[in-house]
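Okay, so here's the structure we're looking at.
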Amino acid sequence: MDLNPSFLGIALRSLLAIDLWLSKKLGVCAGESSSWGSVRPLMKLLEISGHGILWLLGTLYCLSRSDSWAGREVLMNLLFALLLDLLLVALIKGLVRRRRPAHNQMDMFFTLSVDKYSFPSGHATRAALVSRFILNHLVLAIPLRVLVVLWTLILGLSRIMLGRHNVTDVAFGFFLGYMQYCIVDYCWLSPHNAPVLFVLWNQQ
């Protein structure tokens, strides 16, 4: 037994305890019998709106229908961003192996093996990444820009309300998604630095 725990150790354990307590308090849609159980179907619709497979398929479809080089360039980079997100989130989940909250119901849409782990929230990383991408590369009216930001925040909150994630999973997910966009922006693919990709896709 450690009789002289470090201040850092005490602080981390305290933060973890607060995280678990707050996550359980906010998990008001974790089940049909929960206090906000009637809102659970709406939260699950939000869950589907941030699913990685649907975003990948949607991006591939738009890429196949695009008839301009500028459009293909944006969509190619969105595809790159989504693949990077799936890879990094799966890698971190596999390394950290934090279990999902005890009050979570494993009834998620199309899960993979790493989806049994909680940290970080893939939906939160994707929402932050996609919203930054959209806000930086699409010309949208202010009301639509506000809707994009609201979608991101509400999607993140829904992960906690459904009991899928703890608060820190979502908070780190937002941070990771923000940083992923920085990577995508720095490594931006274009016909000048990745001509082979664009030529191959043009031949499809």
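Counting starts with 1 at the first residue shown.
Cβ atoms are placed via backbone N, Cα and C, with glycine included.
Bear in mind that the values here come from a model prediction, so they are computed numbers and not experimental data.
The domain 'Phosphatidic acid phosphatase type 2/haloperoxidase' annotation in TrEMBL covers 73-185.
If you look up TrEMBL, you'll see 75-96 (among others) marked as transmembrane segment.
Feature annotation from TrEMBL assigns transmembrane segment to 133-158 (among others). With a threshold of 8 Å between CB atoms, the same-chain residues lying at least 6 positions outside the transmembrane segment (133-158) that come near it are 26, 29, 43, 46-47, 49-50, 74, 77-78, 81, 121, 123-124, 127, 170, 173-174, 181, 184-185.
Cβ atoms under 8 Å from those of the transmembrane segment (170-189) belong to residues 73, 76-77, 80-81, 84-85, 88-89, 92, 119-130, 132-133, 136, 152, 156-157, 159-160, 197 of the same chain, restricted to positions at least 6 beyond its ends. What TrEMBL records for 170-189 (among others) is transmembrane segment.
Model confidence over the domain 'Phosphatidic acid phosphatase type 2/haloperoxidase' (73-185) stands at 90, taken as the mean pLDDT rounded to a whole number.
Assigned with DSSP, the residues of the domain 'Phosphatidic acid phosphatase type 2/haloperoxidase' (73-185) fall into helix, strand and coil as follows: 83 helix, 2 strand, 28 coil.
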